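Everything on this sheet refers to the single structure shown next.
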Amino acid sequence: MSTTGESAVRPERAPRLRRFEFAPVRGIWRHELALYKRYYRSQSFASMVEPTFFLLAFGYGFGSMVAVVGDYRYLDFVATGVVGTAALFTSVFPGMFNGYIRRVFQHTYDAMLAAPVDVHELVTAEALWIAAKSAVYSCTPIVVGMFFGLDPAFGMLLVPFVTFFTALGFGLFGMWTSSVVPSINSFDYVITGVVTPLFLIAGTFFPIDSLPGWAQNVAYLNPLYHCVELVRDAVFGLDPLADLGHLAGLVVFAALMWLIAVRGMRKRLIG
Amino acid sequence: MAIRLRGVVKRFGDFTAVNGLNLDVPPGICLGLLGPNGAGKSTTMKMLTAQAIATAGSIHVLGFRVPEESKRARAAMGVVPQQDNLDEELTARENLEVFAHLYRVPRRARRQAVDDALALAHLTERQLTKVDDLSGGMRRRLLIARGLVHRPALVLLDEPTVGLDPQVRAELWGLIDGLRAGGTTVLMSTHYIEEAERLADECALMSHGRVIARGSPSSLVAEYAGDQVVEHYGPPDRLTEVERLAQAAGLPTRRTGPSVSVLRAETIPPSLADDLGPDGVRRAASLEDVFVVLTGELVE
């Protein structure tokens, strides 16, 4: 069939669209912002109070038995470690549950994909929003820690960037799992089988060198461990070479998760 | 052509939903895609937006190849899905604002575009109401407004009034009729005969994934059902006898519950009329007769 004749009906104002555009990303953020305006109180409460409880419970609970870990006060150790936990929880859960609910129950993604939005733009926009929110919320334990004696440091300004990349990877991981689970109840497997071990062997509440050798090796593969190490170094003093390695780990993790999240979502959304 | 499909096939595993579909939709008309459930109408709609990818064949929408150039095609068309997928947590206005962004309505024109869409759907007064609090008819109007917020050249309406009460349906028909009158090309899938008769310039009858007849509603009726139909009521044996006699004379029939309709009744010879008996009720042939005769399915 000739396409010459077809061009006659092409609308003159049909924009020339690139493979990746920021316009749909901004549109999806507009959607998120409208929802956030409605629910920021409950979201902020959960995202900021939960890590604070962790910090106080472990910091004071274990802190009464363990005064120091290495060179750090235990409360400072936990305050910096819980940042990672906060980044994990405030990204992986929205990725999983919002991803699933909007795809399966609300069909929001179907509506968006009928507009000039592609799956990779949709996934990117959702993940960036999750990461941006999480980057801010995850700093709560540092702020709370300062009220309990954590010394302020300029390096703390780097923490939101660390948590952004961490949350980006875990948000995308959540979106990918939302595209592969057969039902919303299947998230129990992901939470218990993946998320909980991730947060336990990340050096959050105890140093990983107290773990058996195999568990230490697993921890090195855990992106959350790299997040926690980066946060501690940002707060207590950078170790440039090691920190570049940690950052590279987080970036590679986010990139891999983007690829599989886009692939998983495309498989589910495009018939 | 606003839409051109050639030899389009869509398979889901062993199931063939669309089977060698050829379809042309010229600009500026409302084409009703009519067919029973499972005829392949919704799958066809999804292929036009590249939310389903054809197994074989070629698709052009507004001159753009789909799925390769589907993003540009989607920017110039509006879609009103069968399933209500509005965001219930947002207001009517917020829903439209999001899609004004997604459809690349320029920033300076966005507010006006949303206002216009709200006015078109008669929802200006309810623009700040959460979708969850809107009635079924209002939600449906908002869905249509969402698909029109960027003033598209082509609108795809997938079963636009399914499940709505007659009053709301009539309201929406007015809205859709306005689109057609304004020169927008409309492709509307439906399994409501009356909807197709009222709104469509042309109808394409789909069955088992392909178009089996096409034309204006009146020409389809004339071609497949004639001018008049005689309906005979009675016990099953009597109906079977009527069917046998009519079919032996080469006249199409349709069976609907307690009756048999003999189509092209104006051509019944006097001798057959005597055999069929005087109990028949004569009426004008309709698109419903064509639908049933061609698809073998009952209408809703």
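Glycine residues also receive a Cβ, built from the backbone N, Cα and C atoms like all the rest.
Listed in TrEMBL:
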type	residues	note
DOMAIN	A:42-268	domain 'ABC transmembrane type-2'
TRANSMEM	A:45-68	transmembrane segment
TRANSMEM	A:74-97	transmembrane segment
TRANSMEM	A:127-148	transmembrane segment
TRANSMEM	A:154-177	transmembrane segment
TRANSMEM	A:189-208	transmembrane segment
TRANSMEM	A:244-262	transmembrane segment
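Below 8 A, the CB atoms of the transmembrane segment (A:244-262) and the transmembrane segment (A:45-68) form no more than two pairs separated by six or more positions in the chain, fewer than 3 in all. Ranked by the number of CB pairs under 8 Å to the transmembrane segment (A:74-97), the listed stretches A:45-68, A:127-148, A:189-208 are led by A:127-148. Within the chain, the transmembrane segment (A:189-208) has long-range Cβ neighbours (under 8 A, six or more residues past its boundaries) at 58, 62, 69-70, 78, 81-82, 84-85, 88-89, 92, 96, 177, 181, 215-216, 218-219, 222-225, 227-229.
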